[in-house]
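Q: Got a structure here, written out as structure tokens. Questions coming.
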Amino acid sequence: MKHRTFFSLCAKFGCLLALGACSPKIVDAGAATVPHTLSTLKTADNRPASVYLKKDKPTLIKFWASWCPLCLSELGQTEKWAQDAKFSSANLITVASPGFLHEKKDGDFQKWYAGLNYPKLPVVTDNGGTIAQSLNISVYPSWALIGKDGDVQRIVKGSINEAQALALIRDPNADLGSLKHSFYKPDTQKKDSKIMNTRTIYLAGGCFWGLEAYFQRIDGVVDAVSGYANGNTKNPSYEDVSYRHTGHAETVKVTYDADKLSLDDILQYFFRVVDPTSLNKQGNDTGTQYRSGVYYTDPAEKAVIAAALKREQQKYQLPLVVENEPLKNFYDAEEYHQDYLIKNPNGYCHIDIRKADEPLPGKTKTAPQGKGFDAATYKKPSDAELKRTLTEEQYQVTQNSATEYAFSHEYDHLFKPGIYVDVVSGEPLFSSADKYDSGCGWPSFTRPIDAKSVTEHDDFSYNMRRTEVRSHAADSHLGHVFPDGPRDKGGLRYCINGASLKFIPLEQMDAAGYGALKSKVK
């Protein structure tokens, strides 16, 4: 507690620490005004949000969107929590952000939500997403805990269950990882699942406050966590790392969407903000804990990192001193270090985090791994086989009708010639000749290759009337079809989850057994 108070005072009065004394780079101070901003807003039923905000309680906020199926499936559960006496020690509210992150415009959202039946769910509307932006909320659902004094105490990305929510209210530093939850189906699934097709790399580049905040701003990064890596002791504290020579490096665990970013992309972003020739020093921070390094868990990544280092070396006369090593250990830093620059908007940082907003030149992508199929019969494999061969996201989407995040799959912006087949059975479904950029965030087509390859079903969920599209052979959930497509091409828009598909490039169609369909592409 003494150590935390020391850091709080330094953040408040601008102290320069002997260890971790960073050059000042002021970040968005909006996080400090979250309580005031909340109190000025109204709910979806036009009540003052202040009705739900008692000053003597912490506030637990759930951020959600109308286009997020997981969010919609949890509305009833969240409404029950808001009425449950177990949650009476906190203000429990939800925030929707019309006009932000592809949410409906304010009027359209109000009209849409009025058709739902959650009369006891506090839904505060923040037009433009001022609060979400100030807290770096980039995925839904996400949660934020605001203390009694108005300070941001914790941000959690993804779905949490009741036990986790209560633990968070009791202790902002609670270890939520020990309480299992499922991302897609929290009521039925028994094991954790990943938000997207995620991969993880560990980056050491000086003071982890700035590096964490920097990567949180990058589109395609799902999460960034500060911690201590590759040291000689277990479960070190900040004091251990700083004063007791444990050998750990301040490191950020970066989890990213591999369908949007490759490891090489991540490394390009990394080298933008570190001096790779500086040994045990970044900015004003000096010591072995501030050394630079890239630590991997997949041996195949060593060569990728080596190639990036070789390319980077060409920019410098001095030799690079960035470690390229396997991850030996990693321990999360104390909770007060997590999201530090959000909790302390005037805190110091040795890098310019605005560089995260600059696009990469020649951005590369990581292609999804291919899956096998029976080209002769297009039969659906057994459930055990599907769980073995599909990613968690592919399984949840095709088998449990889940939906991937909008703009999250590389197929949304893939327009190379070829065909798209059912990832489950290999059945041909759509051609690149019929694909177009609808702007909705999911791969869109004007028609299937063969009308008989898909089936249509009424879907009345979430106060909507939609037409679900499934594959014929394997009955895989694909997406929905809407009557708002290009008029000159039939007027239909097949809005399809990229996770349901496998792309076969034109030049590979013969070898893959689809040569007879090349005329559908050309």
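One is the number of the first residue shown, and numbering goes on along the chain from there.
Glycine is treated like the rest: Cβ placed from N, Cα and C.
What Swiss-Prot shows for this protein is this:
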- CYS207: active site (ACT_SITE)
- CYS495: active site, nucleophile (ACT_SITE)
- 17-174: domain 'Thioredoxin' (DOMAIN)
- 383-506: domain 'MsrB' (DOMAIN)
- 199-354: region 'Peptide methionine sulfoxide reductase A' (REGION)
Q: Among the active-site residues CYS207, CYS495, which residue has the largest number of other Cβ atoms within 10 Å of its own Cβ?
A: CYS207
Q: Measure from the CA atom of CYS495 (active site, nucleophile) to the CA atom of the residue listed as 'active site' and give the result in Å, rounded to a whole number.
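A: Distance between the two Cα atoms comes out at 43 Å.
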Q: Could you please provide the mean pLDDT value for the domain 'Thioredoxin' (17-174)?
A: 84
Q: DSSP-wise, what's the residue breakdown of the domain 'MsrB' (383-506) into helix, strand and coil?
A: 36 helix, 40 strand, 48 coil
Q: Sort the residue listed as 'active site' into helix, strand or coil using the DSSP assignment.
A: coil
